[in-house]
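Student: Feature table excerpt (TrEMBL):
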- His247: active site, proton acceptor (ACT_SITE)
- Arg47, Lys155: NADP(+) binding site (BINDING)
- His185, Lys189, Glu223, Asp242, Lys348, Lys353: substrate binding site (BINDING)
- 10-194: domain 'Glucose-6-phosphate dehydrogenase NAD-binding' (DOMAIN)
- 196-491: domain 'Glucose-6-phosphate dehydrogenase C-terminal' (DOMAIN)
Amino acid sequence: MNKTENQILVIFGASGDLTARKLVPALYNLYVADQLPDNFVVLGASRSDMTDTQFRNRVVLESSYLKDKIKDQDADYINTFANKFFYEDLGGSYDTDYQRLRTRVEDLKNKYQTSGNIIYYLSTPPTLYETIAQRLADAGMSTQNHGWKRLVVEKPFGYSLETAQQLNKGLQQFFKEHQIYRIDHYLGKETVQNLLVTRFANSIFEPLWNRNYIHHVEITNAEKVGVEKRGGYYDKSGALRDMFQNHLLQIVSLVVMEPPISDAPEDIRDEKVKALKSLRIMNDEQTLFDNTIRAQYTSSVIDGKEVKGYREEEGVDKNSTTETYAAIKFFVDNWRWKDIPFYVRTAKRMPTKVTEVVIHFKTPHHQIFKDSGVHDKDNKLIIRIQPDEGILVKFGVKVPGQGFKVERANLDFYYSSLVETHVMDAYERLLLDAMQGDATLYARADEVEAAWEFVDPILKYWEDGKDVRMYGYASGVWGPENSNDLIEGIGEWRNPGPNLTDDPGFCVIC
Ligand code: BG6
């Protein structure tokens, strides 16, 4: 286990939901696992008027997100954790002189001997990122003379290619690229990281991982929930910006990338950028019309309960044209993937919550079992990102009896079978990595820009292209009726169940 150096974590936007919901529970898990540095404090900073005690109550002692974890623990043990938290009111605005903040950080540093290492975690609206970075630099808080300084930023990272470039430039005026950590919580998921291991630590998959053996790749990200209380944010974002540009293209980059020369952060990130740059950008309207589908959920009754349509959700414009479903077909222009279609979809209000990657292999080029029924049953490798994390291989077996009838059987692995292993939550893993200076699982500036470069023309087309359609789908179904049009000629989307085992494979019960 790497040693984590003493440090201070300064959270901007500390009174917001993310701090209590994700960051503090992740820190608590690290505390329990004895992975916090010996000398470590958290300083929350935001515009709310709060004392240290009030902050501790809010994010630790009375937090509904920690309740279950701490209820049976010894009071001293919990207090020791809570006492690591401090709070500084920035006044009415983040755009202010940070000298007082600096003095507070210095005092904490001296009192708790945390050394000069500091992480600034920006959990504020993205419009404030550059302002905060500038104010930190103005106050001399970004220089690394006495200890390192790191800046962690949450998504969304830009609203378009242009705004992402501006933001990158803006931040890089005050912090060097190696100091900037752009969070994508999907990269913190074990199963997403396992894509690298599946591919590059086994010799059985990689030789097949190319256009000679793979017929097409399908990635599904489905959520059962609607936009919940985030209608205001979501309506300005939509599925493509909210999920596809970041989380799903990160997964795509791990599927597409070439083997890195080592597991060093920059080696992996270099290959991911190359992968994203090789996605074929769709520019003409006909291609965009043929290869993209967007849709919105409409009201429906699920399990006897009425659910609202997207346009009826709080904070959403009654005439909104923001998509809650996005399905994109695209190609990757490089040696490995030439002409192999990728189908990626993401949506809210689907029948279940599931994220998976399905590698569909080609059928054998010479088929000796002619009447076997094998022709429409390709081999599949299904990598289940969540839930019921695991891997499933579908392969052909002979049906007992005369002749050679072939059926598909399942070969599976479940993470849950690794009972001894504590699977880290995404934020826990990412925070620990940032604390240890490992940027492998964080997105680099050029990576983010390459992803926007691919997404931008789709967004522009959806905003003002000719013949653009917005389809509807009843909440609780697998998208609009025409969603299979995209896959025409190949079949249809694989609509998975919540459990990997639900996937039918051939078996003889008696
Ligand atoms: C967030 C999106 O980044 O990811 C949300 O903003 C989405 O809209 C969430 O619900 C999904 O994350 P997960 O880890 O639950 O799949």
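Cβ atoms are placed via backbone N, Cα and C, with glycine included.
Remember, TrEMBL labels are computer predictions, not curated facts.
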Student: Using a 10 Å radius around each Cβ and counting other Cβ atoms from all shown chains, which of the binding-site residues Lys155, Lys348 yields the largest count?
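Tutor: For the binding-site residues Lys155, Lys348, the Cβ with the most other Cβ atoms within 10 Å is Lys348.
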Student: Whose Cβ, among the recorded positions His247, Lys353, has more other Cβ atoms within 10 Å than any of the rest?
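Tutor: The residue with the most neighbouring Cβ atoms within 10 Å is His247.
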Student: Taking the Cβ of each of the binding-site residues and counting other Cβ atoms inside 10 Å, which one has the highest number: Arg47, His185, Lys189?
Tutor: Lys189
Student: Output: those binding-site residues from Arg47, Lys189, Asp242, Lys353 whose CB lies less than 6 Å from an atom of ligand 1, in sequence order; none if no residue fits.
Tutor: Asp242
Student: Restricting to the record's substrate-binding residues (His185, Lys189, Glu223, Asp242, Lys348, Lys353), give me the longest CA-CA distance in Å as a whole number.
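Tutor: Pairwise Cα check on His185, Lys189, Glu223, Asp242, Lys348, Lys353 gives a maximum of 20 Å.
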Student: Given the recorded positions Arg47, Lys155, His247, which one's Cα is the least distant from that of Lys189 (substrate binding site)?
Tutor: His247
Student: To which of the binding-site residues Glu223, Asp242 does the lowest count of other Cβ atoms within 10 Å belong?
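Tutor: Checked Glu223, Asp242; of these binding-site residues, fewest Cβ neighbours within 10 Å: Glu223.
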Student: Consider the recorded positions Arg47, Lys155, His247 and say which one has the Cα lying nearest the Cα of Lys348 (substrate binding site).
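Tutor: So, spelling it out, the nearest of the recorded positions is His247.
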Student: Let me know the DSSP-derived helix, strand or coil state of Arg47 (NADP(+) binding site), please.
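Tutor: In three-state terms, Arg47 (NADP(+) binding site) counts as coil.
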Student: Translate the DSSP assignment of Lys353 (substrate binding site) into the three-state scheme.
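Tutor: In the DSSP reduction, Lys353 (substrate binding site) maps to coil.
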Student: Measuring Cα to Cα, how many angstrom lie between the residue listed as 'active site, proton acceptor' and His185 (substrate binding site)?
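Tutor: Given the Cα positions, the residue listed as 'active site, proton acceptor' is 8 Å from His185 (substrate binding site).
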Student: Pop the Cα-Cα gap between Asp242 (substrate binding site) and Lys155 (NADP(+) binding site) into the table, whole Å please.
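Tutor: Counting only the Cα atoms, the answer is 9 Å.
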Student: Fill in the CA-CA distance, Lys353 (substrate binding site) to Arg47 (NADP(+) binding site), as an integer in Å.
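Tutor: Lys353 (substrate binding site) and Arg47 (NADP(+) binding site) have their Cα atoms 35 Å apart.
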